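Before any comments, here is the structure.
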């Protein structure tokens, strides 16, 4: 095969995988700290709220950086897709960003505030919940497809606002709530951990229902997705995915009831990745469904190669020092433990 | 009512990026200052360096959070509001931003966790290392984003194929002609901005008779830095101006409000004040010094540089904003040199801490650097117009296919949310400053890593923070 043709085929595939890794990292890592924010209003006391905050305080900044890598990565590797998807999902993107602004500053303001602390509690919980909701709306808006003409978004400003997108929004709130709950099960003690475990038991069935409905809704509403899943031989290769998901969910349920502290968190990460894999299978190789593929939207090979070299060197180092900080702040946050 | 999406998108970007730059403009210098304090603490054992470092770390935490969240917004706005820009120059600008994320953002955001929460949990050496990594990360971030911005000002190392920019030579792209000057100018500006905040805080305490040696140390360190960096910044700025004259002469003509070289007139005057009249292509109420413009920009008595009339009207930048913003920036620069030198002289004569008439106004100099940074960015960004990437893409062509009302809605929300966040930030930083440096119980482990780091609570810090001000 001609080398340059090979490169123009492989590079976009490699980059779509790297982008998928970045977004998966974001969904898992910021998922648990947004989820903690979603559960924040249900904390029974200020002590419990402080404990919840402390469990993510050293990490949230780094977690959110994966969102910049996701958006930045799309810009770097697939500038055409970035230039179509962002205007198409204009309002939910900006609503999500504004919600993140609120919750991000609430971390620090809440800590310095005295009498106005309750306001930042509200900003923190509201911001976290809305950010999660609009991330789900973005997912739904992306999966359902974007109208493209002449390599540009050609739809209206509210095209994304469908029942499916809103449904995905609620699904992501439930999902982040679940991973936040099992994070707290792992990282806190006492009342906070007990409450988190109870929340996790409520949220796990809810998340499964959302996943189930989306799994049925997408093939019914979008024939391209039905073709991908329900034709042979794909059907046989892909059937294990929902089965493994159900099995893992059953394990998580058991671990929650058995009083396990760490396993539920890693089990829920597994559930997230399986759901994520399912979406990937439904979409790939499209990057702007239903019309543009990763190859059609790719940056110039010279740009993708230049960035790939940096990524191959930097990503292991980045993952290394992130792991180091998680290790440094390992262990549980006890009752009465402060922030800073 | 019809909204013009280009105008609204420009207002929105100007608003969100002006809001954002305030925070890195402060935290780049502050991270370096805190790292310096910690190194001094370890080297000398003097506890005041530790108290000052912890005090400013609290302010850093609040400022950095505002910088991070307003920065995430920007990384998406290229796509939401300027999608055609993203498509046309994405091949070149994209990787620069990608490298910023991978080399700088993760570094600063991750080590920030240790910097803020590791005081009682990690050995001093590791804490200092984390501070240095945060400072290094913020500077590296400035490196990449200023490279991207400079490429938009003075593109190099690329070729345009079918209207899309493609990279040819990455070194030429990264180190494009205006980048070294812009980078030096901005990093120096960040350090000066931080130094003026530290100076104002120190002066406030000295004037009020609080925090004795801590306050005097702040003032000494800040004044020492200002006395050296403020004049150096004037030199860097002058070099940056000469570079701009070489590569973007229309910007220079605009910021000097220089319309034409009249036949028979030798040399270009320096316009001290005027109301630029763009419709009539002249200045009203002009006060100018003959030949000084030539002297500053060509370093010769009779030298000339192009006037605005040499450019077609649709190739000219707006005049009033660069003209006035440039004068604000230079005015502040001169004031900074005066404060730095006079303060250093008082310090040398051992009279600084008794000179109340100087200390009283010094308490209020903290905004100087911020205003200078914003003015400077107004000069360079408005002066780049009508281009978003000089010679490659005009701003009017860079816009996303989004409706005016959608942009108007989000603009209103940005103003509302940023207004609340900014007021909150200023209020809480003021509170932290009013509380001042606190004595903190330290149980920093000297060696080895504790097994349950989170568990060793920061009760002391919390108590100190919750204690009412003096």
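Cβ from N, Cα, C; glycine included.
Because TrEMBL annotations are produced automatically, they should be read as predictions rather than curated entries.
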Range annotated as transmembrane segment - as stated in TrEMBL, picked from B:380-404, B:405-429: B:405-429
B:183-207, B:258-282 - the one TrEMBL records as transmembrane segment: B:183-207
Feature transmembrane segment in TrEMBL, mapped to one of the ranges B:96-119, B:288-311: B:96-119
Touch test for the transmembrane segment (B:20-43) and the transmembrane segment (B:324-348), at least 3 Cβ pairs under 8 Å: no
Long-range neighbours of the transmembrane segment (B:126-146), counting only residues six or more past its ends (CB under 8 A): 24, 27-28, 31-32, 34-35, 38-39, 42, 96-97, 99-100, 103-105, 107-109, 111-112, 114-115, 118-119, 179, 182-183, 186-187, 190, 444
Residues of the parent chain within Cβ reach of the transmembrane segment (B:183-207), under 8 Å, 6 or more residues beyond its termini: 24-26, 28-30, 32-33, 56, 139, 142-143, 146-147, 150, 214-219, 221-223, 225-226, 229-230, 232-233, 236-237, 240, 336, 339, 343, 353, 356, 359-360, 362-366, 368-370, 372-373, 376, 433, 436
For the transmembrane segment (B:357-379), sequence-distant contacts whose Cβ falls under 8 Å of one of its Cβ atoms, 6 or more beyond its ends: 17-18, 21-22, 25-26, 185-186, 189-190, 192-197, 199-201, 203-204, 206-207, 251, 255, 321-322, 325-326, 328-329, 332-333, 335-336, 339, 342-343, 346
